[in-house]
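Structure first, commentary second.
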């Protein structure tokens, strides 16, 4: 590798809007903020919202007279 052409790979602190913080390594060089992390994302917490698709289908059928 050529010397002095690669960015510094430093430890940065990532803070989430839910209050969770963790450290990782990055070339960004400064601490940064994210809106969603694994501690608060619905996929990882198991609190997923179920979309009412049956209600939408019924509304469509009533509106267009199908079924």
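Placement of Cβ uses the backbone N, Cα and C atoms for every residue, glycine included.
Swiss-Prot lists 16, 18, 37, 40 with the feature Zn(2+) binding site, giving sequence analysis as the kind of evidence. Other Cβ atoms within 10 Å of the Cβ of residue 18 (Zn(2+) binding site) number 13 in total over all chains.
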Message = Can you give me the residues near the recorded Zn(2+) site, meaning same chain, not 16, 18, 37, 40 themselves, Cβ no more than 8 Å from the center of the site's Cβ atoms?
response = 17, 19, 20, 34, 35, 36, 38, 39, 41
Query = For residue 37 (Zn(2+) binding site), what is the tally of other C-beta atoms lying within 10 angstroms of its C-beta?
reply = 17
Chain-internal residues, separated by at least six, CB under 8 A from residue 40 (Zn(2+) binding site) = 16, 17, 18, 20
